[in-house]
Structure formats: structure tokens, C-alpha cells
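Here is what Swiss-Prot records for this protein:
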- 14-208: domain 'KARI N-terminal Rossmann' (DOMAIN)
- Cys45, Gly46, Ala47, Gln48, Arg68, Arg76, Ser78, Asp108, Lys109, Gln110, Gly158: NADP(+) binding site (BINDING)
- His132: active site (ACT_SITE)
- 209-344: domain 'KARI C-terminal knotted 1' (DOMAIN)
- Asp217, Glu389, Glu393: Mg(2+) 2 binding site (BINDING)
- Asp217, Glu221: Mg(2+) 1 binding site (BINDING)
- 345-487: domain 'KARI C-terminal knotted 2' (DOMAIN)
- Ser414: substrate binding site (BINDING)
Amino acid sequence: MANYFNTLSLRQQLDQIGRCRFMQRSEFSEGCDFLKGKKIVIVGCGAQGLNQGLNMRDSGLDVAYALRQAAIDEKRDSFQRASGNGFTVGTYKELIPSADLVYNLTPDKQHSSVVEAIMPLMKEGASLGYSHGFNIVEEGQQIRSDITVVMCAPKCPGTEVREEYKRGFGVPTLIAVHPENDPQQQGWDIAKALASATGGDRAGVLESSFVAEVKSDLMGEQTILCGMQQAAAVLGYEKMVADGIDPAYAGALIQFGLEAITEALKIGGVTNMMDRLSNPAKIKAFDLSEQLKDMLKPLFGKHQDDIISGEFSRTMMEDWANGDANLLKWREETGQTGFENAPEYNGKIDEQEFFDNGVFIVAMIKAGVELAFDVMVEAGILPESAYYESLHETPLISNTIARKRLYEMNVVISDTAEYGNYLFANAAIPLLADKLMPSIGTELIGKPFAAASNSVDNKTLVAVNKAIREHGVESVGDTLRGYMTDMKAIVEAV
């Protein structure tokens, strides 16, 4: 199979990568009614499979799970998750032939084999759903012409899809219809119903394309969402311990600090996050973030270029064929880092303390969000898509780190995201360790920022505030956050 994106003309590529329209609430007035009474079979019961299925069932849809015979016979985790939550579970042959919609929520690396196995079993005129377009765009999967192919892509790990739904909210979601497979012209009705059933319409839905989703999703998860947070955690912890900070406190400051800091980001963007700092600390964090952007822009650019060209996908699929040799090696190395093995902290850290003692973390988040947004927009991805991939999903990933550190993050994200995360972090960590960290002291990570005076130059502060508030990610973010009127604070203190 050939990379689908690379078979398109330049004009078609630009058209597909630039597809993005923020949908109005009124477009979801019928909720998920289009799928009610239809038989939906989810293939796979991992993080996305289980949690989307739970939301869909709670929204009134008929959901069952199709698993491989071996998974059922051996009562593997996927079988235990589905059956333990009261779902009907059967084999492909038992469930697929009667399904109106088959929702493929298996890991990316399994998509080709799964689709080849289920497609002959699907009835005439059925629909096939994805939550990530890698199989269609990067692998070039060919789908039977009578089958409608849609996407419903929540912009966060599966666990957060469920948690936000239970809070009465949802997560921003991209929907798309594969232009080669919409024979009955019902693709958008199906995709909209899926977004409503999983809770996405409560947080904002973008009408997108398979291409735009893949190219922006890969960039976001590799850089700010996972790679920058892993780099910040590893570097920040090592620096604090080297400078005499209690290892238990250092671990907690990062583990829970990322969540607290990015919660401010979620509620009010970079502006709100930076406003949580004192004026002297804000100016320092701004200057540090600009320094970080200068250092990291070539790396961000390389990742985006490799994603657009297909080079990233090619090398990752080579690793798949090699038994995930690099992925497993990098996973083991991450598990051996100081941060992952930090002792538990028994004290209490006030929520404001995460900001006061974590100026370095704030600067890393600001730099990562703005760089990822800028580089995506430069590549032709529209600002709305770039915002969701660079800013809104960041706190949702931070929430996973707060649970069980980097291990939890890398467990709940996809293997594709995990591979890209390591690829980025493994380049960013030594770069920053050499060029930046020698200049970082405990006043920037570990202890309160202590300026010689709380006084600041008014013109400097005005210029800093102007630069923060007029950045593109803040302009589009202010509009999109206006849709999220039901957001609930989830962080207080530890």
C-alpha cells in the first residue's frame, strides 16, 4: 500500500491539510439519533475502545465488542474489560456481519491486519469508523467502495474521554469523512452522531479531513503534548536533585505541577498561566521561553517536515516490522530515569507553589505550545486544529502524568504517540541539558523565584503582556474556549 497523502497532487494535499471548520452547537441538535437503533460493533477494547464504548452506551447506543478468538479463549485484558463492563462480546465472524457500523479502535500498528480481516465480513453498505487516520493516510489502506469511512477523533487519551464525559463535559473532537468512501452521502451524519455520543459536541467539534487530523495529531503528540512534558520532567527533576532539592519534593513538584500549571492553561490559555506568576517571574519565564524557542525550533521543524513527507511513518513502521525494538528500548530507558523512580512525597504542596517554584516548567509549556502551534500553521494546518493539538490537549496529558508519572502517560497514549514522544524527547533532552540547564538554578525550579526587587519596568511588562496575549494561539484559543462553557476545574492541591 502506498502513502495516500503522497499520491495526491500538491493542490489536493493543500486542500486536505487545510480542512478545518468549527461546527456550531445547532448542528448537533439531534445528538446521536442517527445511530440509535443501529448495531455498532467496536473492534478492540483498549483505552479508546473501552472508554468511547462506555460513553456511547450511556448516550443510548447499541454497542458490542468484536475480539479475536484467541483474546476470548484466553480471557485476555480486552475480553475482561469488555465483558466486565457488561458488553456483549463475540468474535469477528459472530458480530461483524450484522453490524451497521464497525468502529476500529485497535492500536495503529494492528489496523492493516484488522481491516483486512473484517472487511470481507462487513455487509453491503456498512460503515467503518476510525479514531485516527493513520491507516488511511500513512498506510494507504484501500476500503471496499460500498463502505462509508468516517472518523471521530477525540483529542485526548481514552481515559480522559471517559472522565470528561462523567464530569458532564467532553473533549474537543475532530470528525471527518474519507473522500474516497462516502457512497451513500451519510458520512457526516454518522461522524456527527459519534461525536455527540462520545461527548465531543459539549467541548467543540471541528469538521476536518483524515489528512489534517493525522498530520496535526502526530505533530502535537510528538512535541508539546508528550515530548516536551517528558523532557521537562526528566530535566527538571535531575536539575533539582543535583542542586540539593529533596528528591521526593522534586518528584511531586513536577508530577503534580505539570497538571496544576496546565490546568491554568486549559481555563485561560497561556495568558492565564503566565498571570499566575509574579511580575518579575513572568518576565523571567517569558525570556526563558523565548530562549527555549530559539533552541528548539529546528527540532520542531524537523518533526513537522518528517510528518508531512511520511518519513516519520516510514521509520516507525520499520520499527513495527522489527518487533518494536526501538520503542521497547526507549520505554525501558524512560522507566530508569530519576523522575520515574523518585520517592513518594508525604507533604502538601499548595496549588500556587507549583507556579512559584516551577518557573522553568511554565516556560517549557509556553515555549512548547507556541512553537507547536506556529510550526503547524506554517505547514498549512489551520489555527483551530493547531490550537487543539498544541494547547487544549496538553492538560489532558498532564493529568495522566499526575496519576503515575511518565509510565501512565505512555501507557494510555497510542503506540504511535509513544514512539514519536521518545523520538522527540531523546533529541530535546541532551540538547537542553547541554545548552540550557547549566544556567538554570533553584530559583527557576525547586524554590520560589527570588528577584532582587518586586519592582519591574512598566514598558517591559507591557511589552511582555502584549506578546503573550497577541500570539496566534491566544487569539484562536479565546474564541474556542468560549464554546467550552461547561469546563470544570479538576486541580486544587496535593
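Cβ coordinates are placed from backbone N, Cα and C, and glycine is handled just like the others.
Recorded features from Swiss-Prot, shown on the structure.
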{"residue": "Cys45", "record": "NADP(+) binding site", "Cβ contacts under 8 Å, 6 or more apart": "Gly53, Tyr65, Leu67, Ser78, Phe79, Arg81, Ala82, Leu105"}
{"residue": "Ala47", "record": "NADP(+) binding site", "Cβ contacts under 8 Å, 6 or more apart": "Pro157, Gly158, Thr159, Val412"}
{"residue": "Arg68", "record": "NADP(+) binding site", "Cβ contacts under 8 Å, 6 or more apart": "Thr91, Tyr92"}
{"residue": "Lys109", "record": "NADP(+) binding site", "Cβ contacts under 8 Å, 6 or more apart": "Trp320, Asp415, Thr416"}
{"residue": "Glu221", "record": "Mg(2+) 1 binding site", "Cβ contacts under 8 Å, 6 or more apart": "Gly227, Glu389, Ile413, Ser414, Thr416, Ala417, Gly420, Asn421"}
{"residue": "Glu393", "record": "Mg(2+) 2 binding site", "Cβ contacts under 8 Å, 6 or more apart": "Lys155, Cys156, Val171, Pro172, Gly220, Leu225"}
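Secondary structure from DSSP puts the residue listed as 'active site' in coil. Counting Cβ atoms from all protein chains shown, Ser78 (NADP(+) binding site) has 21 others lying within 10 Å of its own Cβ. His132 (active site) sits 8 Å from Asp217 (Mg(2+) 2 binding site), taking the C-alpha atoms as the reference points. The record gives Asp217, Glu389, Glu393 for Mg(2+) 2. Within 8 Å of the mean position of their Cβ atoms, the other Cβ atoms in that chain belong to Lys155, Ser216, Met219, Gly220, Glu221, Leu225, Tyr388, Ser390.
Annotation note: Ala47 (NADP(+) binding site) sits in a helical segment as assigned by DSSP.
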